[in-house]
Amino acid sequence: MVSPLILINLKTYQEGIGGSAHRIATAAENVAKESGVTIGVAPSFMDLRPLSTHFSIPVYAQHIDGITPGAHTGYILPEAVKLAGAHGTLINHSERRLTLADIEAAVAAAKRLQLETVVCTNNVATSAAAAALAPDYVAIEPPELIGSGVSVSKADPEIIRRSVEAVRGVRDDVQVLTGAGIQSGDCVKIALDLGTQGVLLASSVVKADDPAAVLRELVSLL
Ligand code: G3P
């Protein structure tokens, strides 16, 4: 049994950059220590190095490009992400969609560098397709619920159940996360009971006055 993962995507929220990213990572590290639950953060690229240096929790990039070192102005080089201390990376987030070929190249680059891979998907069919690329995690996030304050666990548990089933139909070594509107211990418990290994979330923690209090609530039923 893989230990559950709570992965906080700081996106490009004002409340999730610089000193504020540090504040959220402090809360994540404290609650991870208290609870024994793995809590990771995916900050903006500029905050990867400071967070990976100051904290022991896993730090993830929000995106990588499937390129090798060379002349690729403006791209995100997987080697640079690894050198910045990242443990893993999101790939194909709803707000940073890629083609299937780009996703494959990004997963291959991450594997070459032993970066953990979390490939985001928007429905059951794309979850099955992503699983075929053998990432560490497929993260199913219905786009219409992202940032809505309405939890996927409560509004659309069926998409979670069917995504787990679809991923299992392709590979048994790919774990599933779910996300969109996750905000309480109940949301996390429902997601785990449906066969996922954790949650990917953003606004409920990043925009909270007290991120540690929200994180304690999120892990309260584990
Ligand atoms: O990557 C997590 C995200 O897309 C979900 O966002 O704000 O609904 O938790 P949120």
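Just so it is clear, glycine is given a Cβ too, placed from its N, Cα and C backbone atoms.
The active site, electrophile annotation in TrEMBL covers His93. Per TrEMBL, the feature active site, proton acceptor maps to Glu141. Among the features that TrEMBL reports, substrate binding site is placed at Asn9, Leu10, Lys11, Ile146, Gly181, Ala202, Ser203.
In this structure, the CA atom of Leu10 (substrate binding site) is 16 Å away from the CA atom of Glu141 (active site, proton acceptor). DSSP gives Ser203 (substrate binding site) a helix state. The Cβ of Gly181 (substrate binding site) lies under 8 Å from the Cβ of Leu145, Ile146, Gly147, Ser148, Gly149, Val150, Ser151, Val152, Ala155, Cys187, Ser204, each on the same chain and at least six residues away in sequence.
Counting other C-beta atoms within 10 Å of each candidate's C-beta, the binding-site residues Asn9, Ser203 are led by Asn9. All protein chains included, the residue listed as 'active site, electrophile' registers 22 other Cβ atoms within 10 Å of its own Cβ. Counting every protein chain shown, the number of other Cβ atoms lying within 10 Å of the Cβ of Ala202 (substrate binding site) is 24. Here the Cα atom of Ala202 (substrate binding site) is found 12 Å from that of the residue listed as 'active site, electrophile'.
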